[in-house]
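K.L.:
Let me give you the structure first, and then I'll get to my questions.
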Amino acid sequence: MPITANIPLSALSTSDSEPMGTSSNAHVNERQPVEDEVGQEYDDDRASLGSDEREEDVDGFIAANEDPSIDEGTTKHARKRLFAAFMIFGLLNNVLYVIILSAAIDLVSSTTPKGVVALFNIFPALLTKVVWPLVSNGKIQYARRVGFCTICSWLGIVTIALSTSLSPRLMGIALASLSSGLGELTFLQLTTTLPTRSSSKTALGAWASGTGFAGIAGAGIWWMLRGLGVKKGLGLSSILPLFFPMTYKYLLPPFTHLAFDLSSDQSYQQIPADAVPPSIFVTPPSTDFVPRLSDTLSRRGSFDRYRTSSPPVDHDGKYADRDGTGNVRLTTKEKLDLLRPLVLRYMVPLCAVYVEEYVINSGVAPTLVFPLPTEGIWSKLFQSPRDYYPFWSLTYQTFVFLSRSTLSLGIPPLPLPLLPFPSIIQFLILTLLYFQSKSFLFSSRAYTPPSTPPSTGVDRSISWVFLLICVEGMCGGLGYVNTFWHVGREGEGEDGEEQEGKRGLEREFRIGAVGAADSTGILFASLISMPLEISLCNSQIEQGRTMCRDMSSAHS
């Protein structure tokens, strides 16, 4: 049986008259006639090669398995930089969106519907996510995109801060929304260009964690700055987009350091001889065939294509067209063919998750108001009926952050067949919370209208609503991070060296196109939630519970 050996380059013979495997410590008989059919094919193939080509095979084998310029410490440090960079990208991209929504009450007059801010804060992002992947083509210039997002985001927030009338403020909100939509599209696409599956998983997990934490950070930032007013508060927030180019240029590591990451799941490991034909066989005597490295690599997709040579580097040192096929394009027909199977598999479940959770957050949660508790932990948290909605929002954002961080925490992604489950669970939660708001489903008889609530005690519905919103946040985060993880893996089995340039464009298009699903869901939810909130509040008033109306009157 052939055995695998690591031998010095000097021990390998490249002469046609000398057999492979000769060394100072072993004597090999002269080459015998090859009777095995596969061995004969190898000898014929090898005889057609010149000495230089055979040396390239050996050199390629060595280059594929060691790179003295990148040690383990360097690659581990690069992985940490990658995680930090994408965490910051996700945080910066979404934090202004949250700040603007949190500041909506201060940006428009009391006579202007607050839904106008939400509409201008989501529609440009949706339009960007839908149109941009269809009209853009060729190799993505990521550095230029990051610069464009920085300029749009900064101009948007400065315009809002310096304006006093509604129209320019809405224009600023639209600019910031465009930047947010294009930023999400860009950084999700960037995760598909990383050299190994492990590094792609790290980047996607960090991005999802950053976007999840942005909800908590954005609300907290505006809570601290709102006392300064719109001009100063948002003016200070305008420095945040400037960290985009700084992070991209100085923190994001060169991808060459990630291609040879020893801690990744693509790092080199000895492959059992009975599972995969090794690149070099040494046999005493040398009568078995010796497959060329190039043949072996082309047959085995498990070898990472980045191990055969260092990936090329572009002008900013981050990303380069792997095969030099910068002129590769996707036609409109090819894009539509790629989009068609994604709709039901990924886009519909993700859109459903976002419709359901934002209907809960914007249409149902504002009406989940209860008599103030007088005992237990809830009495410490709720001092006013106006404290309920911010607490439900904080609870939701916290569990979105936790669930979006599952990949970063090493928790395996959901299997593809289970991807619709978050939307199904989310629908059940929406149904239960709807009936709680309308019919006081979880309330005891004493707390159910038209009964007058007791002066002491706690409505048990508060605990039920809290638990349901925790699960709502978990489902929303899981739906997001797992969808984009599986989209990034689409088409992996189709990779071929000669088509790698186009495969890269296809991966970028897929993840960019699916990104429109969440914004579409938010837009639909905003259209549903406004009349739903009014309907639920009127229903409570008709039953004798007027707190939702009293809060609105007190605010205006």
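Every residue, even glycine, has its Cβ placed from backbone N, Cα and C.
TrEMBL does not curate its annotations; it predicts them automatically.
Reproduced below are the annotations present in TrEMBL:
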COMPBIAS  11-27  compositional bias 'Polar residues'
COMPBIAS  35-44  compositional bias 'Acidic residues'
COMPBIAS  304-324  compositional bias 'Basic and acidic residues'
REGION    1-69  region 'Disordered'
REGION    304-326  region 'Disordered'
TRANSMEM  82-105  transmembrane segment
TRANSMEM  117-134  transmembrane segment
TRANSMEM  146-164  transmembrane segment
TRANSMEM  170-190  transmembrane segment
TRANSMEM  202-222  transmembrane segment
K.L.:
Counting only CB pairs under 8 A, let me know which of 82-105, 117-134, 146-164, 170-190 has the most with the transmembrane segment (202-222).
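P.N.:
Answer is 82-105, with the largest number of Cβ pairs below 8 Å.
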K.L.:
Six or more residues beyond either end and a Cβ under 8 Å away: which residues meet both conditions relative to the transmembrane segment (170-190)?
P.N.:
86, 89-90, 92-94, 96-97, 100, 107, 116-117, 120-129, 132-133, 140, 142, 145-146, 148-150, 152-153, 155-161, 163, 203-204, 207, 211, 241, 244, 319, 484, 508, 511-512, 515, 519
K.L.:
Are there residues at least six beyond either end of the transmembrane segment (146-164) with Cβ under 8 Å to its Cβ atoms? List them, or say none.
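P.N.:
Sequence-distant neighbours of the transmembrane segment (146-164): 93, 96, 100, 107, 171-180, 182-183, 186, 230-235, 237-238, 240-242, 244-245, 248.
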